[in-house]
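If you look up Swiss-Prot, you'll see 32-162 marked as domain 'Nudix hydrolase', on the strength of sequence analysis. The motif 'Nudix box' annotation in Swiss-Prot covers 69-91. Residues or ranges marked as Mg(2+) binding site by Swiss-Prot on the basis of a curator's inference: Glu85, Glu89.
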Amino acid sequence: MGGVSDERLDLVNERDEVVGQILRTDPALRWERVRVVNAFLRNSQGQLWIPRRSPSKSLFPNALDVSVGGAVQSGETYEEAFRREAREELNVEIDALSWRPLASFSPFQTTLSSFMCVYELRSDATPIFNPNDISGGEWLTPEHLLARIAAGEAAKGDLAELVRRCYREEE
């Protein structure tokens, strides 16, 4: 398995159709032209397991993040990437848990960074996470998480908007 440095990603057009490929490390990479997956691990009390990114991450080190997230590699479907990322980051086989797709988003119709599919995993167990990706984590309600981000706690760029779009009731 290759590292992030040699990940090949599909380039997509405004309709999320594959039009080419690019290496993740290519300086010409524009995130709105690639696909990503994100997932939230949610417990029976409605809390989300929110990890803190490893300090060695090049993007958003030490920041709060989605439970699972990553780029869809070239040739993968969104679901295949979700399965791979859940296994790599949380040591979870998704079919051992209850899970569902939550939403799909376009960067051309939202302020989100990329084309993305968002999933939800259900479990009351705290995951055994990959320490290369994650330095720790905690269970938070969506409201508490949004309050911490609003108060200035470092978070990955799309986290607050994803929580609002997927978990906050319309006001």
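Glycine too: its Cβ is placed from the backbone N, Cα and C atoms.
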Summarise the domain 'Nudix hydrolase' (32-162) by DSSP state, stating how many residues are helix, strand and coil. 31 helix, 44 strand, 56 coil
Let me know the model's mean pLDDT on the domain 'Nudix hydrolase' (32-162). 96
